[in-house]
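> Starting off with a structure, shown below.
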C-alpha cells in the first residue's frame, strides 16, 4: 500500500507542477499587454508603464512564475487587476456556490447512473433495458445548456416551483441554497449520468459473464444476491474511472450552466475574468480547476486499492 | 445404499439459443444414479456433457428450453422455480468447475467464499461458518488454512484454488457432486492429487458423483459407470470396466484409439477420428456420428438409432454393432 500511495502522491505533485507551468506560459503568451487593456487604448504611455510596474508585469518570466508559486504556497494569490481585491477572496466567495453545485450534480449523476446501469444490466435485452438505454442515448445527445432552458421553462415558468436563476445563498439555512442549485445540478448531471449509466451497464454485464458468477449461483445464491454481493464490487473499477474523468467535464460544464442560471460561481468568475482580461484571476481559477480534477482522480486511484485487493499486493 | 435412485434423469433434452439459431444441445439423455455411485460423462468439447451438468444444476441460460425429467429423491427439478432451486444448489447438489483461476471472486477472501454456502443454507453464525470453513480447507489439504483464511484468491496457485472450490462445493455435505473437468486446467502433477482428493471425499461422505471429462484415462480410474456423449446424445453407456472391455460404438472406439500413448514407437502417428464435430445447430437427421463413421450405411442416416443392449446394462446407440463389435470391439 505505501509504495502504491507514494507513487500516486508523486504523480499528483508532478501533474500539478506541469499544469501550473502550462497555465502560466499559455496565459503569458497571449498577445497584448494587460496594463494597456485595463487602461484602454487612449491611456498615456507613461500611465501604462506605471501600471505595468505596479502589477509586476515588467519582471522576467521566471521571477513572475516563482512569485506565483510562492504566493500559492502561502495563500496569497495577488490582487485582481479589475477589482483590486485579493484573488483568494474572490475565488473563496465563488466556491461556496460551485463546490456544492459540483457535489450535488455528481451525486445526482451517480445515483441515476448506477440505478439505470444496474437495472438495465439485470434486465439485459428486455423491454426495460431497451427503453432506458434509448433514454440514455437521448441524454448523451442533449446539450446541457439547452436542457437547462427546458428545465427552466417547465419548473420555473410553467409550474413555478423553482426560481429560474440566481443563488439564494446559505444565510437562510441550507434549503433555499439547495433549491436554487437544483435545476443547474440536474442540467449538469443528465448528460454525465447518461454516459455513466452506459458504462455501468456494460461493466456489470461483463462481470456477469465471469466464471465466479456461475460459482456463486452454484452455491445457491439467487440472482439478486449474486448481483449485489459478487458483481457490483467487481464492476466498480471501470465505473469509478469514468466518474473521475467526468468530474473534469462537470467543472467545465459549470462555466456554461452558471451563466444560464445567473449563478455567481467559479465558472461565471472565469467567464467574466476572461472577458475583462483579468488574467491573474483566470490563471488562479484554471489552476484551481486543474488541482480539483487531479485530486479527484487521485482519490479514485486510492479507492481502487481500497476496493480491489489485488492492487495493494501487486504494488507492495 | 438404498435401491431407489437418488438422481433419475429421463429423456433429458436441452434446446439452446445460440448465435447461429436454436440448437438441440442435448437429447434423449437418461440415467439413474444411486447414493454413493459414480458416473462419468466423456466426450469431446461441444458434445453436450457440460450442458447436461448445467441442466442438473438448473444453471442454464434463461433462454434454454429443458424437456424431459430430472428427479432428485423423487422430486421433479425440471421447471422448478429459481428460488426453490437455490435451496438445492450448493446444499444437496454441488458443482466443481473447470477453471479454478476464474471460478473464485477476486474481491472476496477465500474464507468468506467457502463460508458463503454454509451461511446461505444452514443459518449458522458468521464465526461458526468461519471455523467450519477452516476445517473444510484443512480437509482439502490447503496448507496453513487457519492462517490463510483471510487471503484472497490471487494469492494461491491453480491447484490450491481448485482445492478451495472443492471445499466450497462440499461445505454443506451435498448428496450429489458434479465435477466438470476438475483437473483439465491444472498441471499434470497436480491433476492426480486433485482426483485422488475428490475420490476420497466422495467415498468418505457417501456422495454420488458425476465426473465430466474428455480424458478416458481419468474416467477409467475414477467412476463405476460411464456414458460416452457425442452430438448431444449418449452413444454408449455401461459399467466402466464393461465398456472398456468391449467398446460397442465406433465413436468410443475412435476416442480410445486417439489417446496419446507413452512408449509408442517413435514416428508413430497419433490416430485421429476423421472429420470434425458437427455443429449443434445443424446436426444430421440420423446418427450424429454418421459423417465421421468408418462403417456408416445409408440406413444410419435415416433416423437416430435406438440403444442396443450389448451386455448387462451396457447400451450402444448404433445399428451396426454386429460389425463394430466384431471388428474392433476387443481393442481394449
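Quick reminder: no glycine exception, Cβ is built from N, Cα and C everywhere.
TrEMBL lists these features:
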type	residues	note
DOMAIN	A:95-304	domain 'ABC transmembrane type-1'
TRANSMEM	A:65-83	transmembrane segment
TRANSMEM	A:95-120	transmembrane segment
TRANSMEM	A:140-161	transmembrane segment
TRANSMEM	A:181-199	transmembrane segment
TRANSMEM	A:235-264	transmembrane segment
TRANSMEM	A:285-307	transmembrane segment
> Below 8 angstroms Cβ to Cβ, which residues of this chain, lying six or more residues outside the transmembrane segment (A:65-83), approach it?
20-21, 24, 34, 38, 55-56, 59, 90-91, 273, 276-281, 283-284, 287
> When each of A:140-161, A:181-199, A:235-264 is checked against the transmembrane segment (A:95-120) for Cβ pairs under 8 Å, which one has the most?
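Against the transmembrane segment (A:95-120), the leading stretch is A:181-199.
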> Where else in the chain does the transmembrane segment (A:235-264) make close Cβ contacts, counting only residues six or more beyond its ends and a cut-off under 8 Å?
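For the transmembrane segment (A:235-264), the nonlocal Cβ contacts are 93-94, 97-98, 101-102, 105-106, 109-110, 113-114, 117, 144-145, 148-149, 152, 164-167, 180-181, 183-184, 187-188, 191-192, 195-196, 199-200, 203-204, 206-207, 270-271, 289, 292-293, 296-297, 299-300, 303-304, 307-308.
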